[in-house]
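Feature annotation from TrEMBL assigns active site, schiff-base intermediate with acetaldehyde to K218. Feature annotation from TrEMBL assigns active site, proton donor/acceptor to K254.
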Amino acid sequence: MAARNPGTGLELGWISKVHVNQPAVLRHAERIRTRRTVKSNWQAAWLLKAVTCMDLTTLSGDDTPSNVHRMCYKAKHPIREDLLKAMDMHDKGITVAAVCVYPTRVTDAVNALKAAGCNIPVASVAAGFPSGQMPLQTRLDEIKLAVGYGAREIDIVINRALVLTGQWEDLYEEIRQCHEACGDAHMKTILSTGELGSLANVYKASMVAMMAGSDFIKTSTGKEVENATLPVGVIMMRAIRDFYWQTGNKVGFKPAGGIRTAKEAITWLMLVKEELGVEWLKPELFRLGASSLLEDIEKQIFHHVTGNYPVYHDLPMA
């Protein structure tokens, strides 16, 4: 992770002046979406970059120690070894950036990664995920439990009602207390952008979250009807850029929810490069939240190496 964001005081004057030109944002996002993608070796390189920025995730009600262990093994070996050797990338230490689980599965993940001999951090959702509707003290206790279990990153979720009713001081204070409860763990703040009502609210919530000390801002829980979209990504990245210009503090960005194909992953990487620059294209400042994305990326790598798409048994760990 990059250096922690110490946050700033809440500047309501900045928040009150926000105006979003929505048609311009939508046009810009559409231009990014329809841009011709990279091909051949360049595509393979971008896909391997996407893998190294991925939070491999399982957030299901039927999670068990065994499927968490399996995911952790895949986190260490995200692409089949022979495919990496064919690209001369087998000795580059390519792993995912983190694994993300519920608090009750953190210990399982920590133990599995330790047994595998790797230092991939464990991230845990907390603070009333996915609704954010629990009492604040309960959310803070959940964060502290996850950290105590060994989570090095905490993905909190905000109370969307505070955004929809314009209670920016209360939102700032809740996120600030969550940041304090995280201790040394880095905090990613999930805004649940599909439930915030407008792009202007997305920008305001992004800015308040960063002022309160968020190390990352994240689009979605993956449980909403509308998850990560390119227009929302543009707005959140512009907020990150504005915050950096004003404070000198770099905050990371994580799109999550609904990103399932290699092409979509490359589009997000290209958007980050265009909006924030290449210095953000590293796991310290950019993450892709994914549960099924890795499968498609490995299929595309398989096709790049062999010229054929895999059948089911070719990628049994996908």
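Heads up, the Cβ atoms here are built off N, Cα and C, so glycines get one too.
Curation does not apply to TrEMBL; its annotations are automatic.
Ranked by Cβ neighbours within 10 A across all protein chains shown, the active-site residues K218, K254 are led by K218. For the pair formed by K254 (active site, proton donor/acceptor) and K218 (active site, schiff-base intermediate with acetaldehyde), distance between Cα atoms is given as 5 Å, rounded to the nearest Å.
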